[in-house]
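A.B. asks: I am attaching a structure below and will ask some questions about it afterwards.
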Amino acid sequence: MPNQDLKNDRFLRALKRQKVDRTPVWMMRQAGRYLPEYRASRAKAGGFMDLCRNAELCCEVTLQPLARYGLDAAILFSDILTIPDAMGLGLRFVEGEGPVFDRPLQTVADIRNIGIPDPEGELRYVMDAVSTIKSALNNSVPLIGFAGSPWTLATYMIEGQSSREFAKTKKMMFDEPEALDELLAKLSESVAIYLQAQIARGADAVMVFDTWGGALSPAAYQRFSLQPMELIVAKLKKFAPHIPVILFTKNGGQHLSKMADTGCDALGVDWTTDLRDARAKVGHRVALQGNLDPLCLLARPERIREQVARVLESFGPGEGHIFNLGHGILQQTPPEHAAAMIEAVHELSPRYHV
Ligand code: 1CP
């Protein structure tokens with residue numbers, strides 16, 4: 001059991017709702033463009049995917065936020081779109097526009113034609129990054145592996161880029177739901193084996209990012225977002241029962257109870273749900289991760305501290321809270337404001353764990 005060797009296991013303990021001395025903290029997108037040292041590493045690599053394909057540079061940027069702040073977990077530096085890229089869709093990151101696929105899925109035949117990528121084949125560069133990071137961390141803090149949810153990946157694969165309305169994806173959902181089911185089944189299998197491979201290479205916990213599940217009706221959420229994630233949790237629990245699994249549906253506050261029933265260990269909660277209500281909904285089934293509004297980090301440090309106090313108070317005393325932002329940290333965030341948030345968690349949270 002490698003976990004027992006970790007010098008700081010607060011994050012893993014909180015995921016299992018065990019006693020900690022203070023609330024563990026990490027930030028979604030903690031390695032990224034708000035840090036000048038990230039921008040320097042990114043410039044060295046060339047493009048964003050060149051950075052993702054270079055294990056040494058992935059390791060360098062993963063460790064950058066840990067060198068600055070008292071964080072309780074590291075997260076693999078990669079992207080959720082590595083799987084669609086490995087399926088042959090041709091991923092490019094266009095400056096100022098975000099991800100673009102050269103060959104988006106347009107027909108049922110396109111869906112039939114895609115295969116399930118081999119994590120140690122086309123995606124070996126991600127696995128090499130996991131191994132390099134795991135070894136560089138030297139058991140200081142746990143390493144989080146991750147993937148996108150099948151629904152969220154499907155939206156990028158069908159739209160061909162970021163989208164607000166998901167017009168093409170929803171047209172398919174209403175016109176040809178079986179075709180979408182088929183795509184989601186392939187993605188569920190791909191995500192499950194991809195996360196298993198990350199675990200085999202040393203990831204101590206895994207998180208599934210369902211960024212766009214909140215755009216679905218409750219019935220559609222159940223079929224097209226939750227069910228595929230439930231399948232992934234079942235496969236992961238069979239493969240590695242002791243590795244915690246975190247599910248995060250942005251804007252998914254109304255689904256928390258059903259999400260807790262999947263057998264996962266923790267749920268990410270964005271800022272549109274109060275942690276007190278979230279805790280009431282999930283009871284003792286799962287831990288909760290969140291949920292400071294990332295925009296709060298643009299305000300002055302005294303205000304940040306007040307909002308940290310508010311989040312800690314909303315979860316209240318007891319175990320099973322991992323402090324985090326409710327979504328990724330913004331590029332415009334002053335790095336010292338992130339420091340103010342983390343210091344406030346360190347100072348204000350021990351009283352909730354007596
Ligand atoms: O130019 C750059 O340097 C690229 C910016 C960037 C970064 C830093 C992208 C492009 N991806 C990443 C890394 C990343 N992405 C990580 C690891 C870093 C860390 O957390 O420290 C993770 C976990 C992700 C996950 C990710 N990528 C999600 C899910 C989480 C979320 O924020 O909702 C999504 C939706 C993506 C897609 C993506 N990657 C990058 C962009 C610009 C986008 C599009 C986002 C959108 O459609 O709005």
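Every residue gets a Cβ built from N, Cα and C, even glycine.
As the structure is a computational prediction, the values presented were derived from the model and not from experiment.
Pasting the feature list from TrEMBL:
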BINDING   R29, Q30, A31, G32, R33, D79, Y156, T211, H327  substrate binding site
DOMAIN    24-33  domain 'Uroporphyrinogen decarboxylase (URO-D)'
DOMAIN    144-160  domain 'Uroporphyrinogen decarboxylase (URO-D)'
SITE      D79  site 'Transition state stabilizer'
A.B. asks: Within 10 angstroms of the C-beta of Y156 (substrate binding site), what count of other C-beta atoms is obtained when all protein chains are considered?
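C.D. replies: Result for Y156 (substrate binding site): 28 neighbouring Cβ atoms inside 10 Å.
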A.B. asks: Would you give the longest CA-CA distance, in whole angstrom, between residues of R29, Q30, A31, G32, R33, D79, Y156, T211, H327, the set recorded as binding substrate?
C.D. replies: 23
A.B. asks: Where ligand 1 binds, which of the recorded positions R29, D79, Y156 are close by, with Cβ under 6 Å?
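C.D. replies: Result: R29, D79.
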A.B. asks: Suppose you look only at the domain 'Uroporphyrinogen decarboxylase (URO-D)' (24-33); what would the mean pLDDT be?
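C.D. replies: That region's mean pLDDT is 98.
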A.B. asks: Could you state the CA-to-CA distance between D79 (site 'Transition state stabilizer') and R29 (substrate binding site) to the nearest Å?
C.D. replies: 10
A.B. asks: Any idea what DSSP makes of H327 (substrate binding site), helix, strand or coil?
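C.D. replies: It is coil.
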A.B. asks: Of all the binding-site residues given, R29, R33, H327, which has the fewest Cβ neighbours within 10 Å once its own Cβ is left out?
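C.D. replies: Checked R29, R33, H327; of these binding-site residues, fewest Cβ neighbours within 10 Å: R33.
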A.B. asks: Under a criterion of Cβ-Cβ distance under 8 Å and sequence separation of at least 6, what residues of the same chain contact A31 (substrate binding site)?
C.D. replies: Y38, V61, T62, Q64, P65, I75, F77
A.B. asks: Give the residue counts of the domain 'Uroporphyrinogen decarboxylase (URO-D)' (144-160) per reduced DSSP state, in the order helix, strand, coil.
C.D. replies: 10 helix, 5 strand, 2 coil
A.B. asks: What number of additional C-beta atoms lies within 10 angstroms of the C-beta atom of D79 (site 'Transition state stabilizer')?
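C.D. replies: That number is 19.
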A.B. asks: In terms of DSSP three-state secondary structure, what is the assignment for R29 (substrate binding site)?
C.D. replies: coil
